[in-house]
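Here is what TrEMBL says about this protein:
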- 458: active site, proton donor/acceptor (ACT_SITE)
- 477: active site, nucleophile (ACT_SITE)
- 564-577: compositional bias 'Pro residues' (COMPBIAS)
- 327-505: domain 'L,D-TPase catalytic' (DOMAIN)
- 563-583: region 'Disordered' (REGION)
């Protein structure tokens, strides 16, 4: 119902205005009002949780917000004036059409339906006008929310990331910022994550969308022939030309005009070998320039799949809370790499890591937290599950197993218990811990960011694992390749209790001959993100792709294909990380 104040006395008018202000948060409408009252029709539409004229009719997740938006404007239409879309509406319609460039699906915002809706406005039928209006409100709210916090709640995948604090009050936001906006792209840029990492991914997506458009259909219909063994330069290969062409298309190879004029090649050429090295480096493969089965499999992945990987990466970037959009530390799990960034978001270092193995549900969880302290020469308190599964059988077979392997048994107070039974350990009444030292499973240091999963970073005596290309071998915690350098980086600018700088030499002294179980607090907690993207864009613009080791990309696509409303509750079919079962 549209209420108009009339001059029936100053006191009465002021009283009515104050009363209405208490009931509704009125906004100022800068565009001209419509001459026709559509409020009854609008009121009927916004009361429904299902709107049949939408591509995705179920609006139950947005219905309260839609109603609030129209209540606030007394059910006045927002997106047309005199039977024509407002400039803001036209700007959003263009944004919906370009949604793929943001990693979103245009049809989630009815992109293909707006042309016919605009044509229907010319009939001046009330249904056409009000349906256009409500459809626009739903689509704008969805689009802004999807750009702001992503489409799927990360907790659906049992990720430890909460988007609640990033949510807008969409009814207010659309009223205050969207209805009369004159520059839709600029508005949307303020909604998206303010992160160079996000922006680089978005730029790469545009490039790969174009590559997918240009890729010959023959590439998918006629994949490169598989090899049974690695091939080096000069080895016979029936698709030598096609291999070179694919590497050039991927921008990893270079073919001269003379090369193009040669007869069809049926070998692995030197040019192909050099291109393969660049390709392998970007795709998480062993870099040796040989045409291996793994490399052929990767080369046969269509550009459309690479587009999807970049879209999935953008979705996950949108989940991150504000303090973690530009983290100081980030572990990308499928890449097996840790990156450290300066306070102004420049890359300081990268190092290899070992992450949780796929089998037995030991995947390293995805979450964001604050690193608060380091422990030099730590004990390793063996998680009860690991002790029961791995140590108890060995203790049963060899009574002196713990003593001979640098373990001891303790009670809940941390007191050493010399006399114990295997049964006490098996039942969890007593615990096992490994003594500090170079052979300790945690190595000589651990990096702590206390969390619900009991996950942390640590060094390791098993340094040979860093020579592997695929490095998912842990029970969940993250093993770092250069723990001394990481510690010195974290402690830069800090002094110990004797006033000495925590430089690299000081760190190495603490590792090799310092006191056991020595905790050093960070002067300023450091944001760390354990992340999962199978497409990563470097500062130089090079795009790296990785295997979906935990299957999270596949799970995301399965959900997205169903369309909105997208789930917000945890999926019981996805295993939850098991606290305490880590190392």
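For all residues, glycine too, the Cβ spot is worked out from N, Cα and C.
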**OP:** Pull the DSSP breakdown for the compositional bias 'Pro residues' (564-577) and write it out as helix, strand, coil residue counts.
**Re:** 0 helix, 0 strand, 14 coil
Original post:
Rounded to a whole number, how many Å is the Cα of the residue listed as 'active site, nucleophile' away from the Cα of residue 458 (active site, proton donor/acceptor)?
Top reply: 8
Original post:
Over the domain 'L,D-TPase catalytic' (327-505), what is the model's average pLDDT?
Top reply: 95
Original post:
Are there residues of the same chain, six or more positions away from residue 458 (active site, proton donor/acceptor), whose CB falls under 8 angstroms from its CB, and which are they?
Top reply: 378, 442, 443, 445, 446, 447, 477, 478, 479, 480, 483
Subject >> Surrounding CB atoms that lie within 10 Å of the CB of the residue listed as 'active site, nucleophile', all protein chains >> reply: 24
